[in-house]
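Colleague: First, the structure itself, so that you have it in front of you.
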Amino acid sequence: MTASAAAPARKRLFIRTWGCQMNVYDSTRMADVLAPLGYAPAEAPEAADMVILNTCHIREKAAEKLFSELGRLREMKRERESAGAGMVLAVAGCVAQAEGAEITRRAPWVDIVLGPQTYHRLPEMVARAARAGGAVIETEMPVEQKFDHLPEQAAPPGITAFLTVQEGCDKFCSFCVVPYTRGAEYSRPASAVLAEARRLVAAGAREITLLGQNVNAYHGEAADGGTWGLARLLRELAEIPGLLRLRYTTSHPRDMDEALIAAHRDIPTLLPWLHLPVQSGSDRVLAAMNRGHKAADFLRIVERLRAARPDIALSSDFIAGHPGESREDFAATLALVREVGFAASYSFKYSSRPGTPAAGAPQQVPEAEKDARLQELQALLREQQDAFNRSRAGMVVPVLLTGPGRHPGQVMGRSPWLQPVHLQADAALVGQEVQVRILAAHPNSLSGVLVSGEAASHILSAEEPAPA
Ligand code: SF4
């Protein structure tokens with residue numbers, strides 16, 4: 001733009017995000033792409049010139065929920081139009097990818113439907129929608145990689161930030177739509193990841209979570225012409241001055257290699273926390289799910305991780321009632337949960353996703369039985385989570401202070417195990433990692449007192465109990 005060119009008119013953008021952290025990251029990148037067109041955040045859809053629904057296909061009845069939300073937005077769009085304003089309505093994310101033109105057939109008031117690999121082309125789509133006055137649908141998976149075409153992150157990150165390093169999946173689990181909606185595995189070049197991480201840290205981020213649907217399958221091109229795995233990438237990221245903490249999610253047991261386990265032993269800034277979905281404890285069900293590993297493989301990985309990093313805690317994903325799962329198979333899942341002891345978990349009853357192999361499989365488990373199994377599983381997982389949280393009481397742990405708390409003089413932070421921590425402290429300490437003695441565990445958070453304002457050492461107190 002020349003010095004004399006007018007700044008773009010100020011417009012408001014509202015993005016509703018469903019689903020995983022990758023969708024949260026994608027939403028921030030869509031806002032970055034639209035910022036040069038003059039779009040700034042809106043508080044509510046009613047006040048927005050553009051609304052994007054960033055959808056998730058993992059949700060049960062995801063498409064139906066989308067169409068009911070679109071019904072509400074149709075009314076808002078009409079009201080704005082009768083008041084002389086407009087509203088560009090876009091549907092993004094995995095439901096957009098899966099449903100494509102079906103969205104505009106059922107909801108012709110939608111202007112743009114875009115798949116997850118096309119966000120960098122949003123400004124052009126907005127212009128085309130305005131010119132054509134009809135819907136723009138972009139759901140192909142272009143060979144050009146969107147990361148090469150996205151601008152640098154515009155919005156300053158918080159103390160904690162996400163950074164997508166890998167997308168897509170080639171594993172084709174029986175129940176999952178990701179390989180169909182996000183496409184084949186792709187890893188960003190290591191230099192691009194390092195550059196983005198340095199920018200995030202320069203803008204104030206102190207903890208970075210690397211994201212990918214199969215993040216530990218990362219195999220990024222390196223400047224020396226070689227290929228780096230996730231372990232090497234983590235080692236390089238750990239060298240960035242000012243970056244206090246690293247995490248990564250979501251991992252697959254098949255890609256949990258020796259180098260990555262050694263990284264947990266060697267990198268102090270790599271937090272002692274791992275989300276490692278197992279889905280089932282039954283070999284028969286794991287095979288039906290096409291997971292490519294057995295229950296014993298998972299247990300061996302856990303053992304090696306705990307040997308490498310004794311304070312590591314694990315979370316996982318579980319599906320209750322996958323087609324063909326018998327009571328004995330489900331009992332094997334409960335046995336695996338008891339053997340491992342998880343600090344947190346996500347569990348769902350199986351629900352079919354159109355187009356996936358399990359959707360058409362015989363031996364669907366009756367709904368009532370799925371409900372009963374899920375409740376039993378969740379009761380056990382909740383018990384383990386509570387026990388893990390209680391086990392922190394009395395420990396001195398490093399807490400990264402992330403912002404003010406709800407009460408005067410209170411600040412909020414995060415333990416190494418993703419637990420929110422409340423304490424009384426000077427707000428000037430936000431952004432630092434401090435030592436906190438945990439006094440009490442609540443259902444979803446911890447509270448404690450500051451032990452010292454000095455930077456935490458990452459070495460846990462000698463009072464550290466064994467992992468749950
Ligand atoms: S590995 Fe994960 S993302 Fe890939 S198909 Fe399986 S569940 Fe989906």
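Heads up, the Cβ atoms here are built off N, Cα and C, so glycines get one too.
This is the feature table in TrEMBL:
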DOMAIN    11-131  domain 'MTTase N-terminal'
BINDING   C20, C56, C94  [4Fe-4S] cluster 1 binding site
DOMAIN    155-387  domain 'Radical SAM core'
BINDING   C169, C173, C176  [4Fe-4S] cluster 2 binding site
DOMAIN    390-452  domain 'TRAM'
Colleague: Could you put numbers on the helix, strand and coil content of the domain 'MTTase N-terminal' (11-131), residue by residue per DSSP?
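Modeller: Across the domain 'MTTase N-terminal' (11-131), DSSP assigns the residues as follows: 67 helix, 24 strand, 30 coil.
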Colleague: Tell me which of the binding-site residues C169, C173, C176 ends up closest to C56 ([4Fe-4S] cluster 1 binding site) in space, Cα to Cα.
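Modeller: Out of the listed candidates, the nearest Cα belongs to C176.
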Colleague: Out of C94, C169, C173, which binding-site residues lie by ligand 1, with a C-beta less than 6 Å from some atom of it?
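Modeller: The binding-site residues passing the 6 Å Cβ test are C169, C173.
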Colleague: Give me the sequence-ordered set of same-chain residues, not including C169, C173, C176, with a C-beta within 8 angstroms of the centroid of the [4Fe-4S] cluster 2 site's C-beta atoms.
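Modeller: The answer, listed by sequence position, is K171, F172, F175, V177, V178, P179, Q213.
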Colleague: 10 Å Cβ neighbour count around C169 ([4Fe-4S] cluster 2 binding site)?
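Modeller: There are 23 of them.
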Colleague: Can you count the other CB atoms that lie within 10 A of the CB of C173 ([4Fe-4S] cluster 2 binding site)?
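Modeller: There are 22 of them.
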Colleague: By Cβ count within 10 Å, point out the most packed of the binding-site residues listed: C20, C56, C94, C176.
Modeller: C94
Colleague: Indicate whether C176 ([4Fe-4S] cluster 2 binding site) is helix, strand or coil by DSSP.
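Modeller: Where C176 ([4Fe-4S] cluster 2 binding site) sits, the three-state DSSP reduction gives coil.
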Colleague: Quick one: pull the CA-CA distance for C20 ([4Fe-4S] cluster 1 binding site) versus C169 ([4Fe-4S] cluster 2 binding site), whole Å only.
Modeller: 15
Colleague: Please report the DSSP secondary structure of C169 ([4Fe-4S] cluster 2 binding site), reduced to three states.
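Modeller: For C169 ([4Fe-4S] cluster 2 binding site) - judged by DSSP and reduced to three states - the answer is coil.
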